Structures are given as C-alpha cells and as structure tokens.
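These come from TrEMBL:
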- 68-107: region 'Disordered' (REGION)
- 119-515: domain 'Amino acid transporter transmembrane' (DOMAIN)
- 151-175: transmembrane segment (TRANSMEM)
- 215-234: transmembrane segment (TRANSMEM)
- 270-290: transmembrane segment (TRANSMEM)
- 310-330: transmembrane segment (TRANSMEM)
- 342-364: transmembrane segment (TRANSMEM)
- 384-409: transmembrane segment (TRANSMEM)
- 437-454: transmembrane segment (TRANSMEM)
- 460-482: transmembrane segment (TRANSMEM)
- 494-513: transmembrane segment (TRANSMEM)
Amino acid sequence: MATLLRSKLTNVATAVSNKSQAKVSGVFARMGFQAATDEEAVGFAHCDDLDYEHRQGLQMDVLRAEGEPRVDGDEGAAEPPVEGDIRYQRGDGAPLPPSGSKDQAVGAAGEFGGHDKPKITAWEAGWNVTNAIQGMFVLGLPYAILHGGYLGLFLIIFAAVVCCYTGKILIACLYEENEDGEVVRVRDSYVAIANACCAPRFPTLGGRVVNVAQIIELVMTCILYVVVSGNLMYNSFPGLPVSQKSWSIIATALLLPCAFLKNLKAVSRFSLLCTLAHFVINILVIAYCLSRARDWAWEKVKFYIDVKKFPISIGIIVFSYTSQIFLPSLEGNMQRPAEFHCMMNWTHVAACVLKGLFALVAYLTWADETKEVITDNLPGSIRAVVNLFLVAKALLSYPLPFFAAVEVLEKSLFQEGGRAFFPACYGGDGRLKPWGLTLRCALVVFTLLMAIYVPHFALLMGLTGSLTGAGLCFLLPSLFHLRLLWRKLLWHQVFFDVAIFVIGGICSVSGFVHSLEGLIEAYGTNAED
C-alpha cells in the first residue's frame with residue numbers, strides 16, 4: 001500500500017507539471033511565437049488523455065507486481081500490453097498520428113507501422129515510376145521540338161533533372177528528427193506535407209490545394225485519353241464516314257463500365273502488357289524513322305524558338321514527367337527506402353535519354369509536317385496497326401486516373417467522419433449507392449464532353465502541364481522544402497529551391513496563358529468550320 005500511495009502522489013505531481021507545460025506551450029504556439037510541429041500539436045490535443053492512460057497503466061503495473069508472485073525463469077516472457085498504455089507506448093517507435101479523425105489515426109498507424117503490407121524492391125518501384133513518366137504522352141514530344149528546336153531538347157533534359165530533384169526533396173519533407181536525433185518518418189502523403197506547411201493557423205488548407213490540383217490533373221489525364229483515342233481512330237480509318245467526335249463517343253461508351261469499379265485488381269493485370277506494348281510501339285516508330293535516316297532534315301532543327309507556341313511545349317514536356325503525387329506512397333512501401341534516391345536517378349536518366357532520342361528522331365523524319373500525335377505521320381498501312389495498339393492502351397489506362405479521381409472526390413465531398421458535405425457513397429453491405437454511381441457516370445460523361453468540344457491533344461497536354469504539372473512538380477515541392485527544413489538547408493539548397501520556384505512559376509504562368517490562347521483560337525476555328 002505504501003508503494004501504491006507513493007506512486008499515486010508521484011503521478012499526480014507529474015500530471016500537474018505536464019498539463020501546465022502543455023497549456024503554456026500551446027498558448028504561445030497559437031499566438032504565433034513558435035511554429036508548432038505536428039508532434040507538438042498532438043501533445044497539446046492529447047495531453048490529458050495520454051497522461052491519464054499512462055497513469056492508469058502504471059497503477060495496473062504496480063498492482064500486478066504486488067498481487068502476482070514472480071516465477072523464476074519468466075523474466076524474458078513477453079507480457080501483453082495493458083489497455084491503458086497501448087496508445088502511449090508504441091512498440092514500433094513510430095510517431096503519434098496527427099490529431100484528427102479516428103480514420104486518420106488508423107491510416108497513420110497502418111502507414112508507419114505497416115509490417116503487414118507487402119514491400120516492393122527498388123526495381124519494382126522504378127518500374128512504377130517508369131510507367132508514369134514513359135507513358136503514351138511521349139507521343140506529343142516531337143511536337144514540342146517543332147516549336148522549341150534545340151532548346152526543346154535542352155528542356156527535356158532540364159525537366160528530368162528538376163523533377164528528379166524535387167521528387168527527392170518532397171520525400172525529405174516526410175522525415176524529421178526526433179528527440180534522440182534519429183530521422184523518422186512523420187508524414188505519409190503529399191497532402192500531409194501540405195497540411196504541415198500550413199499548420200497551425202490553417203491545418204487543412206494545404207491539403208485542399210493539393211487535392212484540387214490532383215483532381216484537375218487526374219481528370220485532365222482522363223480527358224486526354226479520350227481525345228487521343230478519337231484522334232487515333234479517325235486518322236487510322238479516314239475513309240469511314242465517322243468523325244473524330246463520333247470515335248470519342250464510341251470510346252467513352254466502352255469506358256462506361258469504369259463507373260462500377262470498386263478496385264483495380266482486374267485492370268492492374270493489363271498494366272504490364274500495356275507498358276510492354278507501348279515500348280514496342282516506340283521501337284516501331286523509331287525503326288521507321290531510322291529507315292529514313294538519309295532524308296533527315298537536320299537544317300530544320302532551329303536554335304530560335306516560336307515565342308507564342310514554345311510555352312506550350314514547356315507544358316507538354318513537364319506533363320510527361322509528372323510522378324510526384326504518388327512518390328510518398330511509393331517510398332513508404334519500399335523494402336529499402338534508402339535506395340529511393342538511386343532509383344530516382346536511373347529512372348529519370350533513362351527517361352531523359354529515351355524521350356530525347358524519340359523526340360529528335362521523329363522530328364528529323366517529318367520536320368515541319370510533325371503533327372500533335374506523332375503516329376499520325378506514319379504511312380497508312382503502319383499507322384492503322386500502331387494506332388489500334390495505342391487506342392487499346394489508352395482505353396486500358398483510363399481506369400487508373402479515373403479511379404484515383406473518384407477516390408479523391410469521394411473522400412473530399414462524401415461522408416468521412418462527419419466532415420463531408422454528402423452522405424457516404426457505399427452502404428453497410430459495401431454496395432455502391434445511387435448517388436455514388438451518378439457521380440462516377442457524370443465524371444465519365446464530363447471527360448467525353450471535354451474531349452468533344454476541345455479535341456486538341458497537344459494544347460490540352462500543355463495546359464495541364466502548365467497548370468498542375470508545374471505546380472505539383474516544381475512549385476510546391478520547393479516551397480514545402482523551404483518551409484519545413486529551412487533551418488537545416490545549406491545555402492546552395494536554398495538557392496536551388498528558390499531558383500526552381502521562380503523559373504517554375506514563370507514557365508507555369510506563360511505556358512498556361514499561351515495554351516489557353518491556343519485553345520481559344522482553335523475553338524474559334526472549329527466554330528467557323
């Protein structure tokens with residue numbers, strides 16, 4: 001009893017001290033004298049609960065030690081944790097989840113603990129990055145060389161270097177040093193990084209901005225798949241009395257089953273086949289170009305640029321490198337996260353070489369006749385075969401960004417812990433409710449309408465790259481890096497971040513304005529026709 005009484009008195013004194021310190025620190029943090037980190041915010045929000053649970057756990061330990069006789073040889077036996085200190089003592093050494101809903105806490109625990117999740121190797125992670133930056137949007141790069149010449153080739157290299165760097169610094173924002181000086185992962189996503197930068201005054205503002213940018217990019221990617229499908233089919237069978245808009249409608253009709261998707265297990269089986277088919281198509285195009293090497297128009301490659309259309313080329317090139325959105329999740333699922341930097345290096349070097357060669361060789365072959373989608377320049381016999389493969393790849397690739405966009409919309413707008421605007425899309429039995437199906441069908445129809453009224457692949461690609469690609473790949477990573485790690489950055493890192501932010505901002509605004517002007521001009525021309 002004396003031991004129990006002494007323990008209670010000690011716990012009461014400790015609790016009073018901890019509460020006082022937490023309240024004072026919280027007041028100063030809210031007044032802006034100190035930018036509270038996520039861990040400090042958790043301490044302010046959960047101090048009372050954690051302290052109470054910790055004291056209950058200590059009392060139970062004392063009672064158990066006094067009431068149960070010790071058996072020799074049981075020192076190494078593992079005892080199950082009591083309920084009172086399960087949340088306080090995290091056996092995996094991971095940081096506490098950010099304050100918020102229970103769903104967030106569970107997700108954070110799953111991400112940081114994550115022992116049950118299958119991990120991927122550096123090669124598998126590199127394959128995923130390659131799929132993202134070596135997709136069918138490479139077909140628009142020769143059109144960028146048409147308006148940029150040698151400067152366009154330089155931008156392909158420059159964009160690869162910058163996107164590789166910003167991918168690395170984005171991952172660096174996931175980590176912080178704990179009290180012992182160890183670097184630990186305290187965030188799990190792009191949204192979490194954005195929220196941390198805006199905390200404590202606007203703890204959810206950054207995440208909303210990233211979500212909006214992510215939705216725009218994903219939806220625009222879906223629109224581009226429909227546009228390129230209609231374009232390829234129209235140019236493959238010009239003799240048929242079917243317009244490009246009609247081909248887009250047919251393609252969308254085939255995509256309507258995407259509205260019923262609950263997971264991507266069925267679609268993921270075709271991802272490897274689609275990627276291999278795309279590499280085969282690239283090889284066929286390059287092989288045809290090499291067969292016409294004697295006629296290459298080297299004199300057509302310019303050192304000057306088309307001031308009006310070159311900013312569009314910047315957006316096209318940037319959009320072909322976008323992969324930052326899923327990098328935090330990818331790095332978190334790697335067996336050896338230390339290999340992430342090496343993986344980023346070789347994937348972007350390979351992408352830079354392959355994209356540069358493909359764009360240059362294709363432009364040298366057709367010079368000023370280069371079209372928005374380079375396969376439209378192929379002879380009729382080869383074009384039909386290649387385009388059919390590309391259409392199949394586009395239709396099979398559509399569900400991936402579509403499903404991701406639907407998930408973001410459902411989590412943002414529909415029931416999630418009582419904070420959303422609408423009720424949940426799924427019932428208790430896991431079935432999709434009518435309004436959830438309506439949302440998905442409306443999204444498919446929206447991509448069709450955009451593809452019908454703005455059927456310009458290169459201009460849409462340039463607009464998306466300038467609007468969201470530059471923001472997610474250039475602007476936000478450099479800004480977040482400066483905001484979260486300012487005290488630890490060397491002068492050259494600060495210089496790189498500021499330079500990338502300034503250059504990226506100029507390119508983004510310029511590319512967006514000129515792409516929008518090009519779309520307005522093209523839309524006016526179509527209306528006159």
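Easy rule for this one: first residue shown is 1, then count along the chain.
Cβ atoms here come from the backbone N, Cα and C positions, even for glycine.
TrEMBL annotations: computationally assigned, not manually curated.
Outside the transmembrane segment (494-513) by six or more residues, the chain places 162, 165-166, 169, 311-312, 314-315, 318, 462-463, 465-467, 470-471, 473-475, 478-479, 481-482, 486 with a CB less than 8 A from a CB of the stretch. Under 8 Å from some Cβ of the transmembrane segment (310-330) lie the Cβ atoms of residues 120, 125, 128-129, 132-133, 135, 137-138, 140-141, 143-145, 147-148, 151-152, 155-156, 159-160, 163, 166-167, 170-171, 174, 187-190, 192-193, 214, 217, 348, 351, 355, 458-459, 461-470, 472-474, 477, 507, 510-515, 518, all in the same chain and six or more residues away from its ends.
Sequence-remote contacts of a segment are chain residues at least 6 beyond its ends whose Cβ falls under 8 Å from one of its Cβ atoms, and for the transmembrane segment (460-482) they are 137, 140, 162-163, 166-167, 169-170, 172-173, 190, 193-194, 197, 210, 213-214, 216-217, 220-221, 223-224, 227, 311-322, 324-325, 454, 489, 493-494, 496-498, 500-501, 503-505, 507-512, 514-516, 518-519.
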